[in-house]
Amino acid sequence: MLLRPATATPNEFERATNPPGGGVPPALRRSSSPPPFPVQLPRWRHHVFLNFRGPDVRRAFADHLYHALLRKGINAFRDDRDLPRGENITEAIPRAIEESRFSILVLSRGYASSAWCLDELVKILTCAKEMGHQPFPIFYNLSPDQISAPSSPSGYYKHDFDRHKKEYSYERVHSWLHALASIVDISGWILTESTYTPRLASPHLFWSFSQTPYLH
């Protein structure tokens, strides 16, 4: 479903992403306001791009979230379900991100072990800066503080980046580190296996997407 161009102010978006009455754990606030959006937006092919490491969350959280979004009329893209056969994945995934209005990033314990996830993260943040794309991070079984300095001795992803530094170029690894340090400053949610249930997580996420004027 294609979306018509729309305009909105940061304050309007802030109201849209904070449902009245509470009832759901609030988004973790790390910045006072969302980034500014361009006055005129392009047409979007997808509402939401899902970014996650499959072995960590595919069968549980990601599957539920994907199907629940679809049931709410929110067009979500995930590469293992929506990538057309025969497509060049190195071209199709960046294009799908560009064609999505939002992204949900599920930052799990194994997230940084995947170069593909990290490349998607860099692309998402580039689109956020240049195209008005809006990322929504979910810290799954992690806290933002654990990944704010991913390559430091106390960083949760230190071992992953020790390996990456041996296998990939300095420029690529540096872009991943910068992206992870940036994503923790964006409003998101902290969820764990022990506290997550569909009723707990879904309403706030659905509110964020269904109430914003960009989806109508």
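Here, residue 1 is simply the first one shown, and the rest follow in order.
Cβ atoms here come from the backbone N, Cα and C positions, even for glycine.
Positions annotated as region 'Disordered' by TrEMBL: 1-35.
According to TrEMBL, the domain 'TIR' annotation covers 44-184.
In the domain 'TIR' (44-184), the DSSP tally of helix, strand and coil residues is 80 helix, 24 strand, 37 coil. Each residue in the domain 'TIR' (44-184) has a pLDDT score, and their mean in this model is 88.
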